[in-house]
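Database features, via TrEMBL:
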type	residues	note
COMPBIAS	12-28	compositional bias 'Low complexity'
COMPBIAS	789-802	compositional bias 'Basic and acidic residues'
DOMAIN	190-208	domain 'NF-X1-type'
DOMAIN	242-261	domain 'NF-X1-type'
DOMAIN	295-314	domain 'NF-X1-type'
DOMAIN	349-369	domain 'NF-X1-type'
DOMAIN	402-421	domain 'NF-X1-type'
DOMAIN	429-448	domain 'NF-X1-type'
DOMAIN	492-507	domain 'NF-X1-type'
DOMAIN	515-559	domain 'NF-X1-type'
DOMAIN	596-628	domain 'NF-X1-type'
DOMAIN	638-656	domain 'NF-X1-type'
DOMAIN	701-723	domain 'NF-X1-type'
REGION	1-32	region 'Disordered'
REGION	789-814	region 'Disordered'
TRANSMEM	831-849	transmembrane segment
Amino acid sequence: MSSSNNHPPQPLSGSDSDSDGNDPSTTSLRRHSDLSDSIFKSYFQFTGHSSAATASPADLSKIQSFLTSSSSGALSCLICLERIKPSDPTWSCSSLCFSIFHLICIQSWAQQSSNLSASRASTRLPITPEAASEAAIWNCPKCRVEYPKSQIPKSYFCFCGKLKDPYSDDPWVLPHSCGDVCGKPLRHNCGHHCLLLCHPGPCPACPKLIKVRCFCGSKEDVRRCGFKEYSCNGQCSKLLECGVHECVEICHDGNCPPCRRIGVYRCQCGKKEEERECFDRVYRCEEPCGKRLGCGKHVCERGCHHGECGECPLQGKRTCPCGKRVYEGLPCDAPVQVCGGTCDKKLSCGYHRCPERCHRGQCAETCRTVVKKSCRCGSLRKEVPCYQDLVCERKCLTMRDCGRHACKRRCCDGDCPPCSEICGRRLRCKNHKCPSPCHSGTCAPCPIMVTISCACGETHFEVPCGTEKDQKPPKCPKRCPITPLCRHALNCKPHKCHYGACPPCRLPCAEEYPCGHKCNLRCHGTKPPLNPEFTLKPKKKKVMQAECVPGTPCPPCPELVWRSCLGQHVGAERMMVCSNKSRFSCENLCGNPLPCGNHYCTKTCHALESQSSMNQLKRSEPCEDCFLPCQKEREPRCQHPCPQPCHPGDCPQCKVLIKRSCHCGSMVHVFECIYYNSLSSNDQETARSCGGPCHRKLPNCTHLCPETCHPGHCPNPEKCCKKVTIRCKCQTLKKEWLCQDVQEAYLRDGCRPMDIPKNRFGIGLIPCNSECKSKVQVVESELQLRKSRVTEVKEPDNEKSVPKRRKRRERVQESKETSKLQKIISRTKQLLLYIFILFILLAASYYGYNGLLWLNDWMNEVDEQRQRSSRIK
């Protein structure tokens with residue numbers, strides 16, 4: 001209701017695919033409305049209504065249903081269940097149901113029913129077949145109203161019965177109608193006639209205005225003749241049957257109810273008083289009367305009664321109990337004597353008399369006279385007491401009138417009763433079974449009528465059961481009353497009333513997924529439930545398969561998002577559907593730090609659970625264990641590796657003993673590695689010093705350094721103060737100089753002191769004298785002889801080296817020459833190498849081609865999804 005108040009009325013949209021202006025069903029509907037207006041026109045002039053839709057439903061509902069059925073092609077014969085065409089001859093029941101049948105079907109039905117009724121009457125009643133045939137009746141297939149055989153329809157008349165064989169080719173005249181005013185006398189014998197055109201169904205109530213009084217007669221009002229009986233809603237106040245009280249009910253039709261006033265009343269004999277309702281004030285008590293009769297000797301033996309008790313029944317003539325002897329003048333109190341003769345009164349059997357002597361009281365109830373009796377079926381004859389019935393055990397095998405079941409009654413007299421079984425055969429409607437007693441011939445048509453209506457129930461018609469599947473739902477011009485249940489209920493366009501489900505909502509769904517995206521499909525919210533009263537299913541139509549079925553939840557989110565691999569590697573993301581929660585491995589190495597903190601996992605990319613606050617990944621699949629030795633650089637640095645396996649944190653202090661020589665190399669010191677490496681460079685030099693004189697030789701001379709053990713080069717090597725013995729060339733003369741003077745002398749001569757051999761250091765610095773020349777010549781001659789010997793010794797070596805080189809060259813050539821087996825092996829190796837390289841090339845090309853195809857397909861899928869999403873938007 002709120003939506004109708006907040007929004008202006010919108011134009012109704014057609015809900016059916018065949019609701020176009022050129023549709024023949026729409027044309028027939030328009031023609032049906034024109035025919036309805038023409039038929040009801042004269043009636044509306046009296047009632048003041050403008051159309052059948054505004055008239056009272058009780059007035060014209062039956063006629064309107066017939067018209068709707070006729071216009072939609074749903075008018076069917078209840079006997080053959082076939083559609084009644086406008087050109088088919090028909091007959092309509094004029095008593096209760098006003099159903100329409102094919103003329104041929106009702107003639108066959110009436111003839112069969114009357115013949116069956118005549119045959120039953122002739123077999124069960126003592127009448128002739130001709131009399132039974134004349135008195136035969138037949139029933140309407142639906143309302144079961146009885147018609148005599150003389151009223152079997154023989155001709156085709158219009159609904160009002162005026163025109164024989166009415167024409168059916170006039171499009172502006174209702175089929176099977178004469179088109180004239182009906183003119184039938186209306187109900188309740190009001191004296192007026194029907195004002196409608198010839199029509200199916202009952203005539204409506206009389207619309208004329210008359211002056212009438214209410215049921216109690218206290219008020220007078222002007223009302224329509226068809227509804228002239230009315231109540232004024234006041235107290236009735238009519239005098240009740242008691243003649244004392246008035247009716248206290250509201251003005252009502254018919255007789256007044258019994259008087260319910262409570263009062264104290266006496267019984268008829270006057271002995272008792274009771275509180276009773278006024279209408280039950282005359283009653284009898286349960287005690288005997290007890291009043292004295294006229295004789296004064298006996299009392300009344302009757303029950304409670306009104307009036308005088310009467311004379312004594314024992315006065316006057318009196319007889320003996322059997323009635324044969326009469327006594328006169330006996331007083332009423334004197335006992336009557338039995339006569340002593342035989343009683344001879346008729347017994348209860350009606351054939352034999354009482355054999356006892358005259359007696360008082362009733363005779364024996366059972367007649368025990370033995371007689372010969374026959375059983376009912378006549379198959380047994382036997383002597384039995386008169387009071388006893390003779391029944392044999394033989395079962396009657398005669399078929400009953402249904403022709404399906406045997407009588408099976410014990411000792412049947414031939415007049416078999418009607419079959420008491422239920423027929424139970426499937427009717428022609430295929431939905432129900434025959435509920436009638438078992439019978440011969442065809443079953444009566446299914447009496448159930450199925451109402452086919454639109455969703456709102458305003459437009460409806462009735463069809464026989466079994467034909468509803470072949471009917472089309474009626475067209476209704478009104479607005480559909482079903483409220484949409486989807487989220488667009490306030491924005492949906494109103495549409496016409498329809499049969500079946502409402503048309504799907506055309507708006508986009510826009511439902512938000514948990515991931516944050518919105519559904520871009522057409523609305524597929526909950527469908528309103530169908531009305532279970534209407535079971536008609538329209539014919540199937542070819543419907544294009546929609547993207548999403550109405551009434552189903554939103555499909556998984558189809559948006560494409562970038563998703564990282566299991567190991568959350570940078571640059572390994574893939575574009576995937578948002579609803580696809582599957583994880584993938586990027587085939588790269590894990591690369592996450594191991595628990596040791598020094599190395600990285602070399603497994604293939606695997607899953608990680610979550611990321612903690614310390615930016616350390618908690619793994620769902622553990623990384624590999626590190627079994628490598630510790631490779632950390634120790635602090636302070638040293639060359640010794642950590643003896644522990646790879647571990648987190650700092651390495652322990654290095655306790656290895658290291659040897660370090662002093663600066664001069666004269667002794668070796670032993671230190672702990674951590675101690676030595678923790679010292680500064682100056683402290684290390686101080687710790688390595690032996691404290692003694694330096695044992696290193698000076699670079700320019702053969703003497704040791706005069707300084708204390710020190711690092712680096714010896715200071716002032718040219719200032720050596722050691723004494724050196726110098727000699728002349730022939731080593732005949734000698735002198736002692738300071739080492740630094742010797743070095744200066746060499747420098748003056750253009751030689752470097754460091755190039756002078758040790759055994760020649762200081763020789764030739766002083767010139768030789770006369771004493772030294774002869775010795776020099778001898779020395780030079782000896783040197784020349786030594787050189788010549790050396791050359792002579794070397795010449796044969798050169799001669800011998802030549803063949804050795806040749807032999808070496810020959811050996812190389814021989815080593816290069818290989819055998820045939822080695823050649824085959826080498827060629828086989830080359831061939832296998834070529835085959836291996838060719839196999840690698842083929843595999844690379846095959847997998848590369850497949851990879852390109854997969855990449856192409858994936859790119860095509862991505863393009864299709866983008867185009868689909870753009871279409872939906």
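From the backbone N, Cα and C atoms, a Cβ is placed for every residue, glycine too.
Unlike curated entries, TrEMBL annotations are predicted automatically.
Same-chain residues lying 6 or more positions outside the domain 'NF-X1-type' (638-656) and placing a CB less than 8 Å from one of its CB atoms are 595-599, 626-632, 672-674, 677. Long-range Cβ contacts of the domain 'NF-X1-type' (402-421) within its own chain (Cβ-Cβ under 8 Å, at least 6 residues beyond either end) map to 124, 375-377, 379-380, 391-396, 437-440. The helix, strand and coil residue counts that DSSP assigns across the domain 'NF-X1-type' (295-314) are 0 helix, 2 strand, 18 coil. Averaged across the domain 'NF-X1-type' (429-448), pLDDT for the predicted model comes to 83.
Remote same-chain partners of the domain 'NF-X1-type' (701-723), defined as residues 6 or more beyond its termini with a Cβ less than 8 Å from a stretch Cβ, comprise 662-664, 666, 685, 688-695, 736-740, 742-743, 753, 758, 761.
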